[in-house]
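Quick look at what Swiss-Prot lists:
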DOMAIN    1-226  domain 'PABS'
BINDING   Q28, D102, D133, G134  S-methyl-5'-thioadenosine binding site
BINDING   H59, D83, D150, S151, T152, D153  spermidine binding site
ACT_SITE  D150  active site, proton acceptor
Amino acid sequence: MVWFFEYYDGCGLAIKVKKKLYEAEGVQKVEIYETESMGKMLVIDGKIQLTELDEPFYHEMLVHVPMLSHENPRKVAVIGGGDGGALREVLKHNVERAVLVDIDRNVIDLSRKFLKIDHGAFEDERVEIAIMDGKEFLRDCEIFDVIIVDSTDPVGVSDTLFDREFFELARQKCDVISLQSQSPLIQKEYFRTLLVNSAPFERRDVYLSCVPTYPLALWSFIIGGEYDFSNLEERFERIKGKTVHYNPDVHRAAFALPEWLKKEVEACI
């Protein structure tokens with residue numbers, strides 16, 4: 001048995017692993033592990049992206065909050081998310097078309113082979129896969145009801161998904177957007193930058209989820225655009241029985257921010 005360590009901003013996380021299943025170098029360094037207590041684990045460029053144990057706490061909140069805040073989402077784009085978790089959640093809704101845009105085919109191929117958390121989403125006839133930069137995709141793409149940004153940390157190949165131009169393009173291409181916005185506890189500069197750069201979505205809010213394998217477990221998301229939280233119970237009937245974590249009570253509670261975080265958000269929006 002060996003331990004996998006991830007270090008960030010003066011602290012870290014250790015996870016006992018049984019074995020490394022695969023490692024590949026390309027656009028990014030992709031590693032997949034079998035862990036002692038958290039199932040399979042995906043690591044990109046040294047950063048934990050998911051474990052089987054807690055990935056629903058992330059993917060369900062990233063996807064169902066915007067999807068159930070839209071009256072009738074039919075066309076959805078997932079930017080990033082090559083592991084297939086977000087795509088899996090999107091397809092629980094009655095969508096007509098879902099486009100997955102990821103710059104790194106390795107992530108998709110290795111996730112399909114080793115992780116298999118997509119539960120067949122990659123083979124769904126409603127799905128189209130585009131291997132390209134997310135910002136470049138937005139320049140010429142069609143209009144979507146919802147865009148979901150499931151990116152890695154805002155460095156390296158993902159940094160173009162966090163600048164002001166990205167959000168200016170996205171605002172022209174969707175009704176509602178959601179994105180992960182890092183740890184508001186120890187990644188404050190990233191968090192603040194995302195709040196500021198997402199200003200093309202004049203209406204936007206922050207919400208939270210607990211994701212134990214992410215830095216300090218408290219993880220933030222931003223939703224922007226023309227979202228509507230009424231009729232959550234009625235809309236939840238679309239996916240009732242299909243979620244592990246998400247429900248309307250969790251949805252509403254996620255927007256109850258502690259006072260220190262309210263001040264952070266108000267200072268940036």
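Here the Cβ of each residue, glycine as well, is placed from N, Cα and C on the backbone.
Comparing CA positions across the binding-site residues Q28, D102, D133, G134, the one lying closest to H59 (spermidine binding site) turns out to be D102. According to its DSSP assignment, D83 (spermidine binding site) is coil. Taking all protein chains in view, 22 other C-beta atoms sit within 10 angstroms of the C-beta of T152 (spermidine binding site). When the Cα of D150 (spermidine binding site) is compared against those of the binding-site residues Q28, D102, D133, the shortest separation belongs to D102. For the domain 'PABS' (1-226), the model gives a mean pLDDT of 96.
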